[in-house]
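Marked as signal peptide by TrEMBL: 1-27. Per TrEMBL, domain 'Membrane-bound transcription factor site-1 protease-like N-terminal' is recorded for 58-131. Summarising the annotation, TrEMBL assigns domain 'Peptidase S8/S53' to 210-469. Summarising the annotation, TrEMBL assigns active site, charge relay system to 219, 250, 416. The domain 'MBTPS1 third' annotation in TrEMBL covers 490-618. Positions annotated as domain 'MBTPS1 fourth' by TrEMBL: 619-890. What TrEMBL records for 1007-1027 is transmembrane segment.
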């Protein structure tokens, strides 16, 4: 009997073991692998073990509540609801303690952090829990360096920020190189006061000096008995240092520009009541909780104006951002510096980039935009269509005289200097309105209306450099004297004939068949903090030709606080394909707000936006280029690293990667060359390839839908679309070494991809037999006398026979090439690396290049616009440059590298957090042609699908979006080799998956072997079971026969 049951037991045991392997194999794999980081002097803070040792066992978190109560009530509520230990309520002893609050600070042990945060956020009265971020900024004295969040590749303590002011003699980077400009000239300000350039004395003589205006200065404090000030009403300390004095000098300087009375450095409003909020320590550090308490106190004590001299690229610090909204909603006019990251575009700082804040840029005394002043557009809106015009206004910000700690005067430059200039102007304007009417008339919207409508437009700057222009105190005064609450649109006119102010719109006219041109304007509602759009906006053409313009609108149906947006999506109708001329008219939108206190009727206002547009006949296909914006990802929310690894003081890619931000010089060059460049903000299924000569893919970080890959293949081979690709570096070893521990979010930050997402790009290019590698190449080269710098670019590792490939001897600086580089320095010659490939395929033409830094104006060493022009001549017009297409570079055999040697995706990063593709639906958005809005695209009759990447383990994000888990980054997918004539990218078992690129591509060791074992065991068990059954039937049959015979 034992012998008869033993095989069955063995089979059952085999199946059970196989099932366990299948169920838990991937978990075993993750738990047994650890991540070991080498010691580094690059972008990591320091050796990982050293950092871990320094991490505190208990950290502070902000618990936000849904309502204001006394702190003790919030404390009692949490203590009564939370049963877990490992946390402690932090008592905050500051002036705000006597007022109700909407948040608390708790210290949480790391060992129970996740469980406790989940418990807190389950509570009905808790809004959310977030880390108590620290802020740090550079407040410069004489001789300080211009520094930001990163220094020599290492992250400084605190929140990521931009430097705010500079002393005399500072140097500033140029737009297209690392060279510098010295500003060691004598000051015009040594003889003249900045107040005289605005005509402040004219208002002083009328008796307006800022009296009874409560000015909150959030900075480094001020001395109580400083002789430059006559009206210091209150000094409060929000830091953990026991002092109210300013030991750095920045807070004193800002206060002097606003309200100083010393003859040598006069302020604008000497009678303004100064409320000095000391929110920075002597070490220039602050915390979100300090700001939140100080903001609450400013609300509770009814401040009129608030000047904020901090800023940075992170617009996702929600407790901070939402508190700014609450401040302005409580009728506090906030003025903030736009940032000192100029002359680069797409470098606006938060909170000055918010529409409810008056964002201030800087100019010099020649009315030229200061080189340091950050430029627009607002990048946080780019993923939703298009950014808005910022700064709002500009003011003198170079070599401004202000008060020093020693009761003398000194000069500083920067937008944090221009900001108090405007804050002083605002205080002076507030005092113009009688005190009993101020809160009824003045608010963040009405003050911004007075400033932008009264501003003087500068002749040599565009709207994203100057906003409305230079502040004009007297013009704004005239507007406020007769102001009646109303709504308006800023900018109030879009004029294609007004260059350079209307750049980039004035650089490229409209034409039929183009992607919609989006203009994103701001609605300013001076009627109330809350407003509504009464009816959809309407287009009113001036004549019949205006009917050739089709406009769709997206807009804020609810306007709060004080502001909203109105986006115009403009297309020329197909019947105007041959039309050339101008179209004029108005867009109107009706706004209403609830009645003000003491009123019975709803407040109503009609906003008008004037349009003066230029239209030309539709250009030929060969002159039309389509720029892919959809697949670009930037910081925030993800740690997207800078494209050039040589840039060690600005390691984040946060400038937008848009034609009109850090690629604006390239855009101008293409227009000068006669090309028409359009932007695609939707998937590749959402454009008609018959209309374009070239699709331009530059520095892209996102994934691709399966349908995009299939459509692009057909567009190139069958439709004749040209494809130009400018890639970037991608090396997993280098990415892991770039990670650092962020003391703000209490989490590890690691790059979510390289300079570009090469694995995704290789999937896109696989149908053409093209792939990039994981080298990081640097070096100089020349083609036909044109010299260029290859800065952290990648190499080409696959390219078909018959194509033209250019290779140069470069050094590989990737982490994985460290051993090779040691050998090279010992005397070995550097091998040639392929970096440029050109190919004719079917009806189309393809060009690929491994570096985009030469097109990006952010940190460009040398440009390669000459190469881009030659590439577009080829891809769009089949014009072959004799040097690029020399027979000496034509490949007789295909360049090929096995799948298992291609760059692979990281499995320790949840890419769906940052992606517009992974886990998202394929759909054409409002920046695509009207006929495909809300669909899957052209000729695509399939259901939408969500793009998925290889599976991820469950991870704790640590309340930060850049966190990673400790899994092996060295794990490489085991790909099978595809047929060399038809590559399908990094898919395993292409025979099974075919082109199903959105199926999970898992590492084989996770599931493949256990699955095969389980299936084999099951089949073996079934085989033996069938054999046993047949034997039993035969035995039963023979027994019956014997009985019959008997």
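Glycine is treated like the rest: Cβ placed from N, Cα and C.
Note: the domain 'MBTPS1 third' (490-618) comprises 11 helix, 67 strand, 51 coil (DSSP; helix = H, G, I, strand = E, B).
Between the alpha carbons (Cα) of residue 416 (active site, charge relay system) and residue 250 (active site, charge relay system) lies a span of roughly 9 Å.
Along the domain 'MBTPS1 fourth' (619-890), the predicted structure has mean pLDDT 90. Here the CA atom of residue 250 (active site, charge relay system) lies 7 Å from the CA atom of residue 219 (active site, charge relay system). The 10 Å shell around the Cβ of residue 219 (active site, charge relay system) contains 28 further Cβ atoms across the protein chains shown. Take the CB of residue 250 (active site, charge relay system) and look out to 10 A: across all protein chains shown you find 26 other CB atoms. The 10 Å shell around the Cβ of residue 416 (active site, charge relay system) contains 35 further Cβ atoms across the protein chains shown. Helix, strand and coil counts under DSSP for the domain 'Membrane-bound transcription factor site-1 protease-like N-terminal' (58-131) come to 28 helix, 31 strand, 15 coil.
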